[in-house]
Each structure stands twice: as structure tokens, then as C-alpha cells.
Amino acid sequence: MSKVDVGSEMVHRGPVKNRSCTDVFCLIIFIAFLVGWGIIGFYGFTLGDPQRLLHPTDSNGRICGVDETLKDKPYLFYFDLTRCADPSVLIKGCSTPQICVKKCPTENFLAIAAAAQIGEALTKTKLICKENVTVSQMSVKELVDKGHCASYYLQSEPIAGHCLPSLSASLKAAHAKIQKPFGTKQQEDMVERAVALLDVTKTFDRIFQDYSETWWIILIGLAISMLISLFWIVLMRFVAGPMVWLSIIGILALQGVGFWYCFMRYTELKDLPGANNQTLAQIAFTTNLGTYLELRETWLAFLIILGISMAVIVLMLIFLRNRIRIAIALIGHASKAVGSIMSTLLFPIFPWVFQVLVIGYFAAVALYAASIGKSTFKVVGPDNMTNIDCSCTSVIDSVGTCIPLGFEQICGSQCPGSTCRFFETGGNYYVTVLQIYNLFGLFWGLFFVSALAEIVLAGAFASWYWAFNKPRDVPAYPLTNSLFRAIFYHLGTVAFGSLIIAIIRSIRVLLEYLDRKVREYSDTCCSRSMMCLCKCCFWMLETFMKFVNRNAFVLCAVNGTSFCQSASDAFSLLLRNVARVAVLDKVTDFLLFLGRLVIVTAMGILSFYVFTNRIHYINEYIPPTNYYMVPIITTVLGAYFISGLFFSVYSMAIDTIFLCFLQDTEINDGSPEKPFYMSQELMEILGKKNKL
């Protein structure tokens, strides 16, 4: 804050103007990291080929429609789609042969049945076979049995380059023909899973259609959410106190009614002849809750719990009533600050856009880096499991990777039923390192943008608090000035704080990975408990450090000090006022939760009435939908997100003004040289006044 000498004392007049750069070394590290991230991106964009991941790949690892020999074959056809209906294919891949074709099948076809009906010659013209297969030298049955040609196919359409049955009904109809040659329960289950898989694709098509018809109504709903959020913040200036006190009185009233009811039930059961006199310990565990409600001990336990909670709340009201009044007054202060600096309500849009850009760059680098490297092929047995015990060492190495060219001719007799199938692209050590670096860049980038937004908002609201005559003395363009101060002087502090959170988050991700590996190889009670304990500890550490960072950024924006100095000062200041911190935190959480609940519930009810055509005078403007819950859920989630943006600004205003208030009470004494900057209401609560 600006400081003016009065004898040997220092008088605070707002955020410091003559400040210097803080945590420069951390800024240099961050810039070097960004340069490295850029080099990784350039390396991935230069050497990677995302088409290998975005386009379908056949069993030989060639890209349909992209490879030189497959330019005219953009679609991937599966010999037996039912073998791809098991969830394990997401990890192990689908064991059925996959080839690129010019177009997807336009009819249902069963090779063996067709050969008996229309003859071998005409059937062979309809077969879909692998390359370099001489159809004329073998019968239809031999072509199918040896896996050279598909035994059946269904009327399909290209979806993301894959030939998938166009209607789930066609799969069910064709199954009546397919069941005869196979006729197993496992086959029946796979077909049913394939039907469910196809139903999902149709559901997504209908959902997309609903969005294309109702997008403008959803936008109107989101605009209404913005207006309600703004209205709620303004409303807090006037009704925060009544809402808090009425809520406390309501809770006490409900607890009193519950206490009375439990006492009456306990008395009735005590005096009732033949009542169940068993104790909770004598009754074995049961899902019939009515059994417990017939016991006197149950109602006695409820009675004790309600009595203790009522006593705690009454004692809190007695000893913390002034602190609750201070919290309510500070919330009203924050509402005035937000209303005075309306640009802060639009400011979160900009960090949100930058976070989207960070995520987009991360996704692009991850995609290109994943496509670096050679294609890997592995031996897959008839049970869709990787088969590394195959003894054909001429084209198979020790880890089960193989060479697809000539595999069936060389290893067909030694590995019956096995195929050499495309497994993945890339997967080498260097690509893994690049992806780890890229993931850490995502964490650091997102937390950096979030921290920059916090320090900018803190500087703007601190300028408002430290204006003696509000809003007359509030400097012009407080948000813009705070943004320039943060960019020119405190990017190093922002990088330092965000680096700490990024490291902790990376450790948490590593623990999640280790937890999955431990469950695969040693799933014991002890190992699960240890991993759960570690994850819980680092979650608590991240939550605590976010709290420390947030308050450190406030004092950095106000005093212009480094991260460590700001964090130390903020933590000491809060520790000296821990009761006020606890009360303000809980009151703020309650009001913000209540606000989001009101906004989300209101938008959910309104959108339900709109999309179910219950508001008759607007029905002609509302398009019909396949699933009316889709736009309703989207509107509700959008309202939750928008209210979160507005309330994040409001929460930052409360935290900033609270820290400034604590500094005000400790540094100033109300004299003409050091007057209080708090409102008259706060001075009355504290029993203080300005002598001027």
C-alpha cells in the first residue's frame, strides 16, 4: 500500500505504487519451461502424424484413406464385429481381421447361406476379403474357415471412418441367420453388447439433433442465469444479515422440534408395556430400519445428538455473535465493491479463455506426440488375449511383438488361431517423457492463469477498500491498473505459487497411477490403505496450499512483497484472527451455496416447464426434442458454471476486503494521522471511531 511518513509511523493509503519486481528467478524458470514446452510442441508437430490416430488403421497398421496404397479405401471394415463388443477391446484391441474398403456394405450377407442359395460363383463376387487372396482357387467355405474372407456382413454406414451397422434392428434380424453357424451363448451375449453399442451411437445422433434445434433457447437460459447471479450479488448488500440470522433461528427451531419429538418417542417406548427392551448391541445388523426405530436406545441417541448440537449452536451465538455481525458486514462490503467495479464481473471470461487455450495446446501436443514413432504389432490369440507363448521365433520377439508380413504363412501351424495385429503407435521412452512434460505444462499453465486472475482481482478490490471516501476516492480503472501491476511486477510471484500447486497435483496424479498398478499386482488391504492415506494427505496439502496462495496473492497485490513474504504475513495475520476467519468462511460458504442452489434450481424448474411445453403461450416457439432432459441438463450445468464465475469474483472480493480489514484494525487507531478505512457499521460493531 502507499505509505506516507508521519513521524516514525507509516500510514496506509492503498496498494503500493512504488514497487519492484518479485520472485524474478521463478519467472525465469517459468519462461524457460514455456520455451521447452514450445520446443516439444514443435517437435511433435514436425514429426507426429495425428492422422495415424484420428483415422482408422487396418490390421497391418496402414491408415485407411491416407496410406499410398489405400487412397481410395477410406473406411475400415471388421470381419466379425461381435468380437469387438467386449469392453476389453479398449485396451487389447479387437482380434478380428480389419481391412480398408472403398465403401461400407449396403446389404445383409451370410457367405455360407448365400453359397447354398445363389451358387459359389455369384457369392464370391459379394465376398469382402483380405488383399492378395486368390478367391477362384478355394471354395467359399475354405475362404471363410481360413479367415481370408468375412463370413458375414451387415448393412452399414460409415461412422468416424468405421463401417458400423446402420440400424440395431438390422443386427437383430441378421442374427437369426448368423446364429445357426455359431450357435453359442457367448456369441449371443456379444451380439447383444454390439446392439447396445450401436444404440449408443444412435442416441448421440439424437442428442446432437436436440442441440442443433434448442441451442438458442439454452443461450437465453444462460443469459438469464447471468442476470440472476448479478442480482443475487447486489441483493447480498441488503439481505445478507436477515438471511444468516433467519437461517440460524430456523436451524434452532428445527432442532428444537426434533428434540421434542425424540423425547416424546423415548417416553412412549419407555412406558409402553411389552415394548422392545433390547439394546443396539443385542441386535444384529439389518437393512430393516424400522427395527432400530422401535428401540428406546435409538431415540435416546437422537436425543443426545440433537441436544449437544443445539447447545453448541447456542454457545456459538453467545460468544461469536459480534464476529457473525462482522462477517455479515464484510459480505455487504464485498457486494458494494463488486457493484462499484462492475468490470470485475466480466473479467473471469478472459482467464477462462486463456485456460481453454492452454488445454487446447496441451491436447494438440499430446495428440501429435502420441503419433510419433513406429507402429507396434503383437500376436493375439483366438481368445483376444496377447499370446507371447507362441514359439514361432522367426517373426516374433521375446515380448510378443511380431512382423505382420507373412505371419500366417510362416507361423500358421505353430500358432494356430493367432494373428499378428496392429497394437499401437509410438509408445517409446522419449514419447513418454514428452507426454509427462506436456502434462505438467498443463497443470502449471492452468494454475498460473488462475493465480494471475486472483492477484488482479485482489489488487482491484484492495484499491476500493483503501479509498477513504467510497466511491469518490476509488482510483480510475482499478481493474486495469491492477492488471498492469501484476504483469509488470508480480508474474514471478504468480509463477512461484502456481508451481507449488502444479507439483502437488502432479504427485497426486502419480499416486493415482501407482494405485492402479498396485491394485493390478498386489491388491491387499494394507496396500490399499497406504495408497488411500497418501492420496488423502496430498489432497489436504493441495487444499491448504491453495488457501495459502490465495491470501498470499492478496497481500502481494496490496503490499508488493514477494511470495514467501506475502504468504508469511497473510498466514500470521489470519492466525491472529482465527475465530474471525472461521466464522467468515462458514458464513460465506453458506451464502454462496444458497445462491448457487437458488440459481440452479430456478433455472432447472424454468427449463423443465419450457421444454416440456407447460408454458402454453410460448409452445409454438419451442421445437420438439428427442430427449427433453438434454437441454434441461445443459441449461442447469451452464447455470452452475456461470454462477460459479460470478461468485468466484464475489468470493475473491470477500477474501481481499477481509484481509484489508484485518490490516486496518491492526495498523490504524482512528487518529487523524491513522484513520480507519472500514465502514461506520464495522466501527460500531468493534466499538471504534475515527477521531477526525
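From the backbone N, Cα and C atoms, a Cβ is placed for every residue, glycine too.
Sequence-distant contacts of the transmembrane segment (21-45) (same chain, six or more residues past either end, CB-CB distance under 8 Å): 361, 364-365, 368-369, 372, 434, 437-438, 441, 444, 448, 488-493, 495-496, 499, 556, 560-563. Look at TrEMBL and you will find 21-45 (among others) tagged as transmembrane segment.
The annotation transmembrane segment is assigned in TrEMBL to 215-236 (among others). Under 8 Å from some Cβ of the transmembrane segment (215-236) lie the Cβ atoms of residues 331-332, 334-335, 338-339, 345, 591, 595, 598-599, 602-603, 606-607, 610-611, 622, 631, 634-635, 638-639, 642-643, 645-647, 650, all in the same chain and six or more residues away from its ends.
Marked as transmembrane segment by TrEMBL: 243-263 (among others).
Annotated transmembrane segment per TrEMBL: 299-320 (among others), in sequence order. Residues 248, 251-252, 255-256, 258-259, 262-263, 265-266, 269, 280, 293, 579, 583 of the same chain, all 6+ positions outside the transmembrane segment (299-320), place their C-beta atoms under 8 angstroms from a C-beta of that stretch.
What TrEMBL records for 327-346 (among others) is transmembrane segment.
What TrEMBL lists as transmembrane segment is 352-370 (among others). Tertiary proximity for the transmembrane segment (352-370) is limited to same-chain residues at least six positions away from its ends with a CB under 8 Å from its CB atoms, namely 37, 40-41, 43-45, 47-50, 53-54, 425-426, 431, 434-435, 438-439, 441-442, 445-446, 449-450, 645.
Among the features that TrEMBL reports, transmembrane segment is placed at 442-467 (among others).
Look at TrEMBL and you will find 487-511 (among others) tagged as transmembrane segment. Distant neighbours of the transmembrane segment (487-511): 19-30, 439-440, 443-444, 447-448, 450-452, 455, 531, 534-535, 538-539, 541-542, 545-546, 549, 552-553, 556-557, 560, 562-563, 566; these residues of the same chain sit at least 6 beyond its ends, with a Cβ under 8 Å from one of its Cβ atoms.
Marked as transmembrane segment by TrEMBL: 590-612 (among others).
Taken from TrEMBL, the feature transmembrane segment covers 632-653 (among others).
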Selection from 243-263, 442-467, 590-612, the stretch that has most Cβ pairs under 8 A to the transmembrane segment (632-653): 590-612
Folded-back contacts onto the transmembrane segment (590-612), same chain, C-beta under 8 angstroms, at least six residues removed: 214, 217, 221, 224-225, 228-229, 232, 236, 240, 243-244, 247, 331, 618, 622, 625, 628, 631-632, 635-636, 639-640, 643-644, 647, 650-651
